[in-house]
Amino acid sequence: MSTEKPPLASGLARTRSEQLYETVAAAIKSPHGSMDANGVPATAPATTGSGGGTLSRKSSRRLMMGVSPGRSGGAGTHIRKSRSAQLKLELDEVSSGAALSRASSASLGLSFSFTGFAMPPEEISDSNPFSDDEMIPEDNENKKPKFQAEPTLPIFLKFKEVTYKVVIKKLTSSAEKEILSGINGSVSPGEVLALMGPSGSGKTTLLSLLGGRISQSAIGGSITYNDKPYSKHLKSKIGFVTQDDVLFPHLTVKETLTYAARLRLPKTLTREQKEQRAIGVIQELGLERCQDTMIGGAFVRGVSGGERKRVSIGNEIIINPSLLLLDEPTSGLDSTTALRTIQMLHDIAEAGKTVITTIHQPSSRLFHRFDKLILLGRGNLLYFGKSSEALDYFSSIGCSPLIAMNPAEFLLDLANGNINDISVPSELEDRVQVGNSDRESRSGKPSPAVVHEYLVEAYEARVTEQEKKKLTDPVPLGEEEARAKVLRLNRQWGASWWEQYCILFSRGLKERRHEYFSWLRVIQVLSTAVILGLLWWQSDIRTPSGLQDQAGLLFFIAVFWGFFPVFTAIFAFPQERAMLNKERAADMYRLSAYFLARTTSDLPLDFILPSLFLLVVYFMTGLRLSPYPFFLSMLTVFLCIIAAQGLGLAIGAILMDLQKATTLASVTVMTFMLAGGFFVKKVPVFISWIRYLSFNYHTYKLLLKVQYQDFAQSINGMRIDNGLTEVVALVVMIFGYRLLAYLSLRQMKITT
């Protein structure tokens, strides 16, 4: 094809291909059309009678092709790649005219935009205008540096003949169920291993086994870290991201990561260094724009699903783990966000980390991003090796897709025993007996059970022995020191007990202030106070009936502030159970520091609403207008609240089930109310002990003594004395119920 510029017919519109022809020809003829050292056409300055060619790319924008026809004063040619056309112009083809032929053909079915503007030199993003990396979605407006390769202990993970069984208990018997059987594999620093398989195939169980989240005594086979077995000291080197994002909804992104850094990073770092590390993780994960946004939850608006997942990952990489495990990090994300997440895992692996992730059904682009792949089916190993060689392996055993399909979809179909649109090996066809319903499906093809059996046997016969030999190889000689370091690791807390308490106290205060000061709760308390004030408006105790009425008011106050805290506190530990499991499994803090911080961080908030309640009720109802009785009444109510809260914490910690805890609390509170000394004056001896367990009873007696100490010797059969017995009883309840709750939490097993 000639590269001479054809004459233009005056007044006739030129076709787009002719315009492109002129541009390419001008670029070839131009003295500035030479290549620079990087293989990029040099940009010519705008001068009369000359043309300049510029190739540039910005992957975050829509790509187009622009041509500026030559004219007086200068001309610029700007060619930008179109994603939809996938048009790639090779510079060495330009001189031969091949690029012109391709562009002319493409223009028949594609719409290109030809404009006359010139691209400023600063818009040129790199020296390789048509890179294969263009297929990866990027956000160039907020392009972040890759993860820094911080010094860390490299971990070579190997697992051989791993089995795991659980005991299923029934009413009259129990049975063993095999979850995993004979799983082999390995992964090294710098690699990303994907665990793939249908639902129920054992992916999460295997991941939990590799992360040390399941008791090692229940595991068969061997799992080694640098050729050494698992020990609890490795917890500080392992990051585990659960499938569900377990985060506090009312904390911001920055607060979440900052608290994690202060709790988990070593004591040798100062608070400022830990907070700077949190900011660094925010930048690495691209979370600057939402760092001051609340995480959000089911009833609270917050960050997006992809951002929430990145925060969960940030919680783990903040400690610079040697081994990072993730359970389905792309679930619920769109394909672009999922691809960015997997690319981020690659960046983490390139920094010298070992990364293992489960994946349910990745797109084809995600599938090719993994270094190694394990395919599970019904707890058995169907394939382990490089992900790029998976299709070749299954083709070698006679299983190939008959139509173009996503490789991951093809592998999942095989793992499920579904061989529609998949070639059936002759060996498998021979196994199917005509008329045998157990081995043949309705369509005449082998049943899923037969397909699964064939795949397991084929892998064991062809690959298993080779992989087992590789697993016996020691870690590289250069890592002998790293192997020894595994034994020298000591369990270390990231903060002292007091620091843990202070951090958790601050975190609890920030998280729960929203629910304590919700407008519904404030309206509930204040409206109740106003109604009481109106019903007992300026009650007169100088008459027997007025005295009885006011005694009823005091009993209601004792019941209300005994009932209210119980049903608030029973939700504390059951609702935070997932967070407690996650953070205790990661050795973030001592249980005693968490428990004390959790129970004391509620106290400042618990005192505000009762104070407002008493301010309204006390003066509207005409109780003793003197500072001493007023403050003693308030102190009595506070003791009742703390004791009732302890009962709620104990019930919640013992049962860890909201429905059961609510039922038990209802029965208990009702019993305490009936035995509170107002409804029944004379209780049978054999059941009279119940009233001494009732905080309502002791609170009611104290309120009567505070209000009528100088007015009467007894009220409703209760003797008016100094009230020391009731105070001691409430204090014993405050500490006794909390001790019971703490011991119950100590007995709770950590589950993942």
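Just so it is clear, glycine is given a Cβ too, placed from its N, Cα and C backbone atoms.
Predicted automatically and left uncurated, TrEMBL annotations should be read as such.
As recorded in TrEMBL, the features of this protein are as follows:
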type	residues	note
DOMAIN	157-403	domain 'ABC transporter'
REGION	30-79	region 'Disordered'
TRANSMEM	516-539	transmembrane segment
TRANSMEM	551-574	transmembrane segment
TRANSMEM	595-619	transmembrane segment
TRANSMEM	631-655	transmembrane segment
TRANSMEM	662-680	transmembrane segment
TRANSMEM	727-745	transmembrane segment
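Within its own chain, the transmembrane segment (551-574) has Cβ neighbours under 8 Å at 528, 532, 536, 539, 580, 598, 602, 606, 610, 613, 617, 621, 637, 640-649, 651-653, 655-658, 661-662, 665, 668-669, 672-673, 676-678, 695-696, 699-700, 703-704, 707, 715-716, 741, 745, counting only residues six or more beyond its boundaries. Tertiary proximity for the transmembrane segment (595-619) is limited to same-chain residues at least six positions away from its ends with a CB under 8 Å from its CB atoms, namely 500-505, 507-509, 512-513, 516-517, 521-522, 525-526, 528-530, 532-533, 553, 557, 561, 565, 569, 572, 576, 625, 630, 633-634, 637-638, 641-642, 645-646, 649, 738, 741-742, 745.
Tertiary neighbourhood of the transmembrane segment (631-655): same-chain residues 557-558, 561-574, 599, 602-603, 606-607, 610-611, 614, 618, 623, 661, 664-665, 668, 695-696, 698-699, 702-703, 706-707, 727, 730-731, 733-738, 740-742, 744-745, 748, selected by CB-CB distance under 8 Å and a gap of 6+ residues from either end.
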